[in-house]
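Listed in TrEMBL:
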type	residues	note
DOMAIN	46-106	domain 'LIM zinc-binding'
DOMAIN	107-168	domain 'LIM zinc-binding'
DOMAIN	227-288	domain 'LIM zinc-binding'
Amino acid sequence: MQGSLRATMSEAFDCAKCSESLYGRKYIQTDNGPYCVPCYDNTFANTCAECQQLIGHDSRELFYEDRHFHEGCFRCCRCQRSLADEPFTCQDSELLCNDCYCSAFSSQCSACGETVMPGSRKLEYGGQTWHEHCFLCSGCEQPLGSRSFVPDKGAHYCVPCYENKFAPRCARCSKTLTQGGVTYRDQPWHRECLVCTGCQTPLAGQQFTSRDDDPYCVACFGELFAPKCSSCKRPITGLGGGKYVSFEDRHWHHSCFSCARCSTSLVGQGFVPDGDQVLCQGCSQAGP
C-alpha cells in the first residue's frame, strides 16, 4: 500500500531496497518493508509482453495466458483496437478482435455471403460453408439441418424433393422407385408391381413372357395362349429354348414327336400322317 510521511525526524525511515530516506516521498508498504516507488516497480512490477516496459504500480494491468500487458498495449494486432473490454481471440500467439479474426480466418456463407461467426452453428459440405439457417433444400426451401440430402449440379435436395423431381417412376403405379426395382420393356417397375396379368404371381427373377404388352407367367401364358401338343396335350410355349414341330394345324414338342407304333423319334425324319397319328416310314409300309 502507499504510505505517507508519519515518522519523526529522529526515526530512520528508509527504502528497503535502495536505503534512501523516504521522508517527504511517496512509498509503498510491503511485508518486507517500505519501498520507494522506483524500487517497488523495479522489484515487483511485471514486464508488458507488448512494449517490454515495466507495468508501474499505478497502471492498469491485464493478464492473459501467462502474459502481462499495459491496458493500452492489450490490443488487436491488426486494427490496434483496445481489447480491454472487448471479446477477442488468440491466433498463433497474436491477439485479434472478433472482427479481424472473422475477416482473416472465418468462412463466408455460400448462400448469403456473410461471415460465419466463430461458435455459430454451421454446415460444411464439398469445401463450402453455410449458416445453418441458410442451408436450404433447393426444392421446398426448408432448412436441411441434420436431415439427409442429395446434391445435384450445385443444388441440394431433401430426399422427398429429390425423389419427386428426379427419381424414376414405376410404369404401373407411377410412384417413385427409391431403391431396387426391375426393368421391363425399357421401363422401371417396382418388383412388387411386376406381376402376372393372369394369376398375379410376382415375376421379378422368374421367366415370363408377354402378350399385347401384358406380362404373363409361363403357366398362364401356356394355358391362355399357347398351342397344345397333339401328343401330351400340354401347352407348347417355346420358352427356355424349347423346340416344337408343326404340321398343318397340329403341333408337337420335340420330345413328343415320335412314331405312334414304334415310338421312334421323327424329328428331322420323314413321316407319314395316319389319321390323328404320325408313323415312321417303316411302320407305315408295314401296314396296319
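Every residue gets a Cβ built from N, Cα and C, even glycine.
On the 0 to 100 pLDDT scale, the domain 'LIM zinc-binding' (46-106) averages 83 in this prediction. Applying DSSP to the domain 'LIM zinc-binding' (46-106) sorts its residues as follows: 11 helix, 20 strand, 30 coil.
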